[in-house]
Amino acid sequence: MWLERLELQHFRNYNQLDIEFHKGLNVFLGENAQGKTNILESIYVLALTRSHRTRTDKDLLQFQEKELSISGLLHRTSGKVPLDIHLTDKGRVTKVNHLKQAKLSNYIGHMNVVLFAPEDLQLIKGAPALRRKFIDVELGQIKPLYLSDLSNYNHVLKQRNTYLKSTDKIDENFLSVLDQQLAEYGSRVIQHRIDFLKKLEEFGNRKVQEISGNREELTIEYQTSIELTDDVNLIDKFLTELEKSRKRDLFKKNTGVGPHRDDVAFFINGMNAHYASQGQHRSLVLSLKLAEIELMKEVTREYPILLLDDVMSELDNNRQIKLLETITDTIQTFITTTSLDHLHKLPDSLKIFHIESGKVTESE
């Protein structure tokens with residue numbers, strides 16, 4: 001798949017922008033704070049409806065504006081697919097082929113993206129929430145049912161936490177109803193994640209071995225508060241853990257077990273990668289990003305769009321070369337950079353856009 005055209009209105013520092021892309025490599029060149037990353041962010045939002053840089057939609061609005069729109073013309077093997085997102089203070093409207101989508105899970109997955117940004121280098125050592133978000137973003141694009149189950153789980157989780165905070169006199173029967181719903185949706189979320197990580201480990205290990213010259217091996221472990229055993233139904237096990245945690249939950253007035261608390265651990269040659277060297281961290285994150293591309297290709301039969309946000313300067317020459325080797329005419333790629341000196345072995349066929357104070361000009 002590839003994005004032919006992007007139109008922005010009142011997005012960040014862009015009042016209006018209409019830009020056509022190369023189906024292969026597109027480079028946004030300019031100094032910092034000129035608007036390079038904003039364009040990449042808009043592509044990400046077009047794919048996933050939310051930004052990777054902020055949780056607040058208002059941050060995406062141009063100063064003193066109350067609504068914004070992002071439109072794109074996507075090419076897939078099945079044909080052209082117009083995509084539209086309109087954001088206001090009342091919420092968001094998403095359209096595919098000019099038809100309004102009632103559910104988020106009906107929209108996400110039409111345009112798949114893999115983002116590699118400097119903050120991704122914190123994936124291994126950062127907080128568990130980063131690793132949960134990593135799974136949610138990638139898995140949500142290739143499995144709409146996961147988004148639906150996750151949304152339902154979060155809805156019941158919010159209900160349960162609100163109820164725990166609202167009263168000191170608990171209706172045990174009502175709480176048991178919430179627990180049953182939480183266990184049903186939560187067990188599905190956990191199983192989706194485990195299945196995804198098994199595939200990611202398979203693809204990721206290939207990349208780790210390529211980069212390390214077969215000296216390193218990757219294993220991935222999903223760490224959950226719900227004991228995973230083949231002989232016990234996951235829902236029943238979830239309910240057991242909720243029962244064990246009930247006294248704690250009543251005291252702290254929140255839910256202490258479930259996929260919202262889970263984590264992922266990465267191991268290189270059996271050693272937790274949290275304690276690996278900086279070079280190993282970077283190689284591992286690069287391997288995971290390359291694995292995401294191949295995994296999405298296997299599931300969707302099309303390569304995703306690759307977004308590289310000022311990450312090349314964070315990689316040494318060898319890792320840059322390994323990353324740029326993936327950039328072919330079959331993978332549309334967007335790169336932001338302050339200098340072409342950071343880029344090695346660029347393909348001959350590409351577009352370079354100069355960005356200055358929100359103005360975009362294409363190199364001749």
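Including glycine, each Cβ sits where the backbone N, Cα and C put it.
Taken straight from Swiss-Prot:
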- Gly30, Glu31, Asn32, Ala33, Gln34, Gly35, Lys36, Thr37: ATP binding site (BINDING)
Residue with minimal Cβ packing [other Cβ atoms within 10 Å] among the binding-site residues Asn32, Gln34, Thr37: Asn32
Ala33 (ATP binding site): tally of other CB atoms within 10 A of its CB: 10
8 Å Cβ shell about Gly30, Glu31, Asn32, Ala33, Gln34, Gly35, Lys36, Thr37 centroid, ATP site members excluded: Thr336, Thr338, Ile355
Cβ-Cβ distance under 8 Å to Gly35 (ATP binding site), same chain, at least six residues away: Arg12, Asn13, Tyr14, Ile355, Ser357, Gly358, Val360
Intrachain C-beta neighbours of Gly30 (ATP binding site), sequence separation six or more, cut-off 8 angstroms: Lys36, Thr338, His354, Ile355, Glu356
